[in-house]
């Protein structure tokens, strides 16, 4: 039976309550956030979500993205891509699990907001709970929160721990017996999957977690554990998951984790057809845009999220990375101040503050806050990776290597950590090791031009001198929107070194066109003009050569004198040509 929006509401309302009762507060919060993200129906819901929506009622047709404005109102919504599902359906759209019987308050929207506030409260996000309820002050809860914050500093120092849960063997034996006899529910299957994961039995853990989500699909924590075990698209595609709308959230998140950005974006945009008001989906779309280097679009979405949810901390660490990349120090300072006041002992808050100090060049303070984040969550991947970057800035090579290795231990698909290791070994004059790590990072993030540039520079090093391999890397970089303009210039120089003047001229010309569009001038601009002037003269294209030489006369330095010499040679050559023609006809 196809699910309507009201079905989603009933299922999510029941899930938020059941998960909260079982202490799965993060999963309960996720369900409650989706619940309030469902746009109220203006008209009765259609009988089937698979029905095709009418074009006249589509607010999402006619454009890939809605351009947001900083002063935009609360009616902010994204447009879907042409062809994306509009009003009706996530990809699966089928609920195979019995829909919970609605309570008397099933149609009370205020109950949904209360559930959301309760999940925030259970997660100790007291300010967000008060904001959702609007009329509540939450002073007592905030005071309790401040009391608990004072205990955090008593945590021990960082360091690898070899501690093992001695009860895992007994737990596994007991849970395996219950599973074999069928006397196990979805939540115990979820627990069993975690036990198997910690013991290293990843294949069986995936099987058990699939059984858990098939039995009770609303436990987002189980989906996330399953996602962490899907390290390739092949593993993901071979999962035997039943068709339920929660599956679409999982696949979208898994595609994002696997760097399959286009697929993730399509799924999230399709899910927006039902969950139009979902801040979670908006944050995920912004994260996808950031990963695809569409920084301006992601920036606008994050700004709107903060406007509608001013006490939000979830996903704001990604926003801080974006602001860092854009060098938006004022916006990053404002964000750091805001999260500090909201919840200064969230790992994300510490990471945001660390990014702020890093952008200011205060790397020691940045390391301090990254370490604080790791005290709160030792498996916080971004903190390990970014702390490694800070140690590089501080020239603390051993600490940087340790941080990067801890990051790849947590998630072997973190291309930034592999890239950091490559940088470290390149700085240490060990290009063979550096190339290995750069190759790992470029495999995981093949569309990032910076990774290909880094690997190419290693191949160019005095120890390797693998020019052909360097050219291949620079070509990959140029084909992936090398915004720094390194690849085109280096391709021109390397082809010139190999005596391939036509290829060198081709890349010098492309680089010159790029610099003209970007209104950049410098040594690379002069070098391109000089090479093209000499090349055009050598192949008899005198007018082009004269054009490049004339432009060089606007610069000072030896290039100007060289241009004058080339122009004189061109005049002599051009004066000789008519005489040769006369002699030819005289004969």
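We count from 1, first residue shown onward.
Every residue, even glycine, has its Cβ placed from backbone N, Cα and C.
TrEMBL entries are annotated by machine, without manual review.
Annotated features, as they stand in TrEMBL:
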type: COMPBIAS; residues: 54-64; note: compositional bias 'Low complexity'
type: DOMAIN; residues: 8-286; note: domain 'Cdc23'
type: REGION; residues: 44-64; note: region 'Disordered'
type: REPEAT; residues: 381-414; note: repeat 'TPR'
type: REPEAT; residues: 415-448; note: repeat 'TPR'
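Long-range contacts of the repeat 'TPR' (381-414) within its own chain (CB-CB distance under 8 A, at least 6 residues past either end) are made by residues 160, 231, 257-259, 317, 321, 347, 350-351, 354-355, 358, 363-364, 366-367, 370-371, 373-374, 420-421, 423-424, 427-428, 444. Secondary structure of the repeat 'TPR' (381-414), assigned with DSSP and counted as helix (H, G, I), strand (E, B) and coil, comes to 27 helix, 0 strand, 7 coil. Confidence across the repeat 'TPR' (381-414), taken as the mean pLDDT and rounded to a whole number, stands at 94.
Residue counts of the repeat 'TPR' (415-448) by helix, strand and coil are 27 helix, 0 strand, 7 coil (DSSP-based).
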